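This report concerns only the one structure given below.
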Amino acid sequence: MQTYRSRMHLVCSLGLFLTLLHLSNSLLLGAFNIKSFGDTKASNATLMNIITKIVKRYDVILIQEVRDSDLSATQTLMNYVNKDSPQYKYIVSEPLGASTYKERYLFLYREALVSVVKSYTYDDGPEETGQDTFSREPFVVMFSSKNTAVRDFTLIPQHTSPDLAVRELNALYDVVLDVRARWNTNDIVLLGDFNAGCSYVSGSAWQQIRIFTDKTFHWLITDAADTTVSQTVCPYDRIVVTTDMMRGVVQNSAKVYNYMTDLNLKQDLALAVSDHFPVEVKLS
């Protein structure tokens, strides 16, 4: 009996060890629209301390609505997140946009856990003629991780224009096809402020979006989610993965991170940080 109990104890201990090992090998991926992130916000220490806490929650995070032509605000953010120890590196797009209003896509990542393999900006047509598809074309990045089931995974970020959300979300299907042809991979995550809900995408409009109608795409942040800090209830921010990528996703780990509640902030301060909550998922 004692031998049996000892064996069972060993089995349970081994199971716990493997579970903890599995969790320690997971990556937390996030996407956060930090409203108008530029020098004004970067000069506010109160807001930057909150943003730093949010960013350091993640191993890889996409930051959107980066209004930073000379990357001075980005460098300020890097100084904050690396203050205690130099853990994070970044890769950033060029300023993107068909008009004088431009934004960057910014990825921060823990260099001890992941590295950038390659990147490119999707070519959606000539902006001068107004024939381009996206207001802010995706800046596609492939990351490599030694500790996850999917070693190399590709992130396709998108911050849609609200009034063009249906068209731009549908066009993401073409971006996926381009990534597959260019890099011979189908381990793909689409993420960002899709404006995919409430009045911007509703009813029959969903049937016009191929990454929704094609069931080889999995919407991990559902229509029931609320990604807005204000009183509205809208699932604007999303994470969508391909079937192949699902093998690297921790089941039921995708969620909205409510930093207002978690950091015990009043709503006006939370709104000063952003009008969006981050969305996240664990990769293992």
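A Cβ is built for glycine as well, from the same backbone N, Cα and C atoms used for every other residue.
Look at Swiss-Prot and you will find 1-26 tagged as signal peptide. Under the heading N-linked glycosylation site, Swiss-Prot lists Asn44, citing experimental evidence as support. According to Swiss-Prot, the feature site 'Involved in actin-binding' maps to Val92. What Swiss-Prot lists as active site is Glu103, His159. Here Swiss-Prot flags Cys198-Cys234 as disulfide bond, drawing on similarity to another entry.
The shortest Cα-Cα distance from Cys198 (disulfide bond) to any of the recorded positions (Asn44, Val92, Glu103, His159) is found for His159. Taking the C-alpha positions, the distance from Val92 (site 'Involved in actin-binding') to Glu103 (active site) comes to 11 Å. For Glu103 (active site), the same-chain residues lying six or more positions away in sequence with a CB closer than 8 A to its CB are Gln64, Glu65, Val66, Arg67, Pro95, Leu96, Gly97, Arg136, His159.
When the Cα atoms are compared, Cys234 (disulfide bond) and Asn44 (N-linked glycosylation site) turn out to be 28 Å apart.
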